[in-house]
Amino acid sequence: MRSMFRNGNLAIVLIVVAALILPALLSSGYQLRMVSIIWVFALLAMGFNLLYGITGQISMAQQAFFAIGAYGFAMLQARLGWSPFAALPAAVLIVAGVAAVIGLPLLRLRTHYLAMATLAFSLMMVGLTNRWVEFTGGSAGIQIPTITMGDWSMSRAGLYYTLVIVAAIGLVIHNFIISGHLGRAMQAVRDDETGAESLGVNVTAVKLRVFVLAAVYAAVGGIGFGLVSRQVNPSFGEFPVIVSLLTIAVVGGLGTRFGPVIGAIVVVLAPQALARFGELETLIYGLCLGVFLIFLPNGLSGVMERWGTRLFRSRPPARQPVAKNVVEGGAR
């Protein structure tokens, strides 16, 4: 049982089962939309966790890839007449290509220089989506139709279940990478790039692979968000997205296996729970975030992993009593 908890298999199964049951407990389409957004932001956060939490590369380009994925998916359908089943993988490949092209020069930078350069790229993309009206629709954006196949049309519930499955697959891949050879190389790069190079790690290749992988996660999340919202507009790439992403990282726990999911659940649902406090909502939200930063540096996931390890800790076998006749025989 302990090894199952450590590998995350049990936790993933429990998360998926709970997620699949959840729609039966909801009473409105709005609630279903909100829980669908959880899995969208969980995917976005998984990529960021691999890039920053594990590899130590602070990038502000995630919201740009989030928007490019959604816009690519919408434009291929609305402008070129592609089916959603062809537009989706094509949009993801476009994002991967863009990430590879800009990653080569940008990943030569480190720390806040990388953050500022990727932020500049994101701001450029926001300006492009606002001004390239004939393709992006400007501030009005582009409508994204419901996925259909013949007479069949995907319902809101069907989209939710699809997002759960995609997020579960993404989480399995995320955890597999962390525990594998690439994950160890990523951690070596985060801890000491020079030391990693001396051990034979191709630092440039590792950073570029993770940068592209994080962009793919963001693209899939952006497409999911577009399908949930049924449209895409410039707000997909604006600053509030990266703020939400950083908050998810802090609350869930940077560099942890389940931080992206736990953080997404809390950050998406917290505003709904705090709405009753009116003007105090922002103050309470900020205070809670401060508590996480000071007292829970590993986030909720770190706390839960410690509890789980203690709960399933292997106990030494009980000492067997020595048979009386054996003791007496030895005495003679």
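Positions of Cβ are set from backbone N, Cα and C atoms, glycine also.
Cβ atoms under 8 Å from those of the transmembrane segment (37-55) belong to residues 19, 62, 66, 160, 163-164, 166-167, 170-171, 174, 177-178, 183, 186-187, 189-190, 206-207, 210-211, 213-218, 220-222, 224-225, 228, 241, 244-245, 248-249, 252, 254-256, 259-261, 263-265, 267-269 of the same chain, restricted to positions at least 6 beyond its ends. Among the features that TrEMBL reports, transmembrane segment is placed at 37-55 (among others).
Sequence-distant neighbours of the transmembrane segment (64-82) (same chain, 6+ residues past either end, Cβ-Cβ under 8 Å): 44, 88, 90-92, 94-95, 98-99, 118, 121-122, 125-126, 129, 135-136, 141-145, 214-215, 218-223, 225-226, 231-232, 234, 236-237, 241. Annotated transmembrane segment per TrEMBL: 64-82 (among others), in sequence order.
For 88-107 (among others), the entry in TrEMBL reads transmembrane segment.
The list of residues near the transmembrane segment (114-133) in space but at least 6 beyond its ends in sequence, with Cβ under 8 angstroms from a Cβ of it, reads 57-61, 63-64, 67-68, 71, 102, 106-107, 139, 233-234, 237-238, 242. Feature annotation from TrEMBL assigns transmembrane segment to 114-133 (among others).
Counting same-chain residues at least six beyond the ends of the transmembrane segment (159-178), those with a Cβ under 8 angstroms from any Cβ of the stretch are 7-8, 12, 15-16, 19-20, 23, 32, 35-36, 39-40, 42-43, 46, 49-50, 54, 147, 186, 213, 217, 220, 224, 227-228, 257-258, 260-261. The transmembrane segment annotation in TrEMBL covers 159-178 (among others).
Summarising the annotation, TrEMBL assigns transmembrane segment to 210-229 (among others).
The transmembrane segment feature in TrEMBL is assigned to 241-270 (among others). Distant neighbours of the transmembrane segment (241-270): 8, 11, 15, 34-35, 37-39, 41-46, 48-49, 52-54, 60, 62-63, 66, 122, 167, 171, 174-175, 178, 235, 285, 288-289, 292-293, 296, 298-302, 304-305; these residues of the same chain sit at least 6 beyond its ends, with a Cβ under 8 Å from one of its Cβ atoms.
According to TrEMBL, the transmembrane segment annotation covers 282-300 (among others). With a threshold of 8 Å between CB atoms, the same-chain residues lying at least 6 positions outside the transmembrane segment (282-300) that come near it are 247, 249-256, 259, 262-263, 266, 270-271, 274.
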Beyond the flanks of the transmembrane segment (88-107) by at least 6 residues, Cβ under 8 Å: 57, 61, 65, 68-70, 72-73, 76, 82, 114, 117-118, 121, 204, 207-208, 211-212, 214-216, 218-220, 223
